[in-house]
Amino acid sequence: MSKTIKKIGVLTSGGDSPGMNAAIRAVVRTCAYHHIECIGIYRGYQGMIEGDFKEMGPRSVNNIVNKGGTILKSARSKEFMTPEGRKKAHQNLITAGIDGLVVIGGDGSFTGAEVFNSEYGFPVMGIPGTIDNDIYGTSFTLGYDTALNTVIEVIDKIRDTASSHNRLFFVEVMGRDAGHIALNAGIGAGAEEILIPEENLGLERLLDSLKKSKASGKSSSIVVIAEGDKIGKNVFELKDYVEANLPEYDVRVSVLGHMQRGGSPSCFDRVLASRLGVKAVESLLEGKSNYMVGLSGDKINLTPLEHAIKNHTEIDRELLRVSEIMST
Ligand code: ATP
């Protein structure tokens, strides 16, 4: 390892996700392991612009591997989207002697890192942290596995009440552009139908499926709906539509919302965060820059930030088929 880099800054940006703390811990401790300094940058790019920095050593990250959220706080910074904002941020990094940056966040945060790198040639490395699992170049983003477990735990509870009252429940989960949470949690929780942004099931098919479900003897049903589904109605309009067309159904709506982002990270997310943090720091020390660290198969890999930003993840179509078979 060349170790031309002497001081690494780490920040969390965009929406928070479980596992971000474990990633911060991994970055800080990998720096300590290689005898280089580490600076925590508070409130994402906004803190970089305002010089909100704090030195971090291995003991500053005690007891956070199990904590949701991010101890460094996260923010969305409009100012960083301007050249003036980025100039201030660069000045602050130089003044603090920071010569490498690890950005933990989603594709917006990576776009910011890439722009910053292209303007100033500043070494940057991205760690994918978002519950949506919608980042190209990694089969798992930090927080996704935890969010899935949170969602199925809640749906299991909803099912208890749904089956006690012979009700149909529409459960809305996060996923404006990607249906990974809806599809996987839907299968895991035994949903009868799953509506996702990538696939327009159509209102008629939904009604048909619910009719079949009733005819086959099911007394209660769960439909999992991603917030960005393409069916053309929001979840409350959909409830009205189904009740108008299938009066035998008593529909209830449950919007899970921000609880999906919280909670203690799963073991999978903690281990992934640790592996990604080590790889991010060691890649910077090897002189690499402008990459995102991610998981491919069971190996940690590097994807150019540019590719991670421009490409999109695809839904696994085999899962759609599995879901259909499971709802027989
Ligand atoms: P999430 O997946 O939770 O939305 P994200 O990282 O995609 O996370 P964004 O709000 O899109 O979240 O981006 C986070 C921050 O990254 C923005 O507030 C802004 O400061 C910075 N950023 C995003 N796009 C750009 C850009 N084109 N140029 C400079 N900075 C940007």
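Positions of Cβ are set from backbone N, Cα and C atoms, glycine also.
Caution: TrEMBL annotation is automatic and unverified by curators.
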Worksheet item: Where TrEMBL shows R25, A26, V27, V28, R29, G190, A191, E192, K218, S219, S220 binding ADP, which of R76, R159, R252, R261 is named for the same site?
Response: R159
Response to the item:
Given that TrEMBL records T130, I131, D132, R167, M174, G175, R176, R252, H258, M259, Q260, R261 as binding substrate, the matching residue among E199, E227, E286 is E227
Worksheet item: Of G15, G19, G40, which one shares the ATP site with R76, S77, G106, D107, G108, S109 in TrEMBL?
Response: G15
Worksheet, complete the sentence: Out of the binding-site residues R25, R29, R76, R176, R261, the residue with the smallest number of other Cβ atoms within 10 Å is R176
Worksheet, complete the sentence: Quick tally, other C-beta within 10 angstroms, D107, D132, E192; top of the recorded positions is D132
Discussion item. What does the structure give for the C-alpha distance between D107 (ATP binding site) and T130 (substrate binding site)? Integer Å is fine.
Written reply: 9
Practice prompt. Find the longest CA to CA distance in the recorded substrate-binding set T130, I131, D132, R167, M174, G175, R176, E227, R252, H258, M259, Q260, R261; express it in Å as a whole number.
Written response: 33
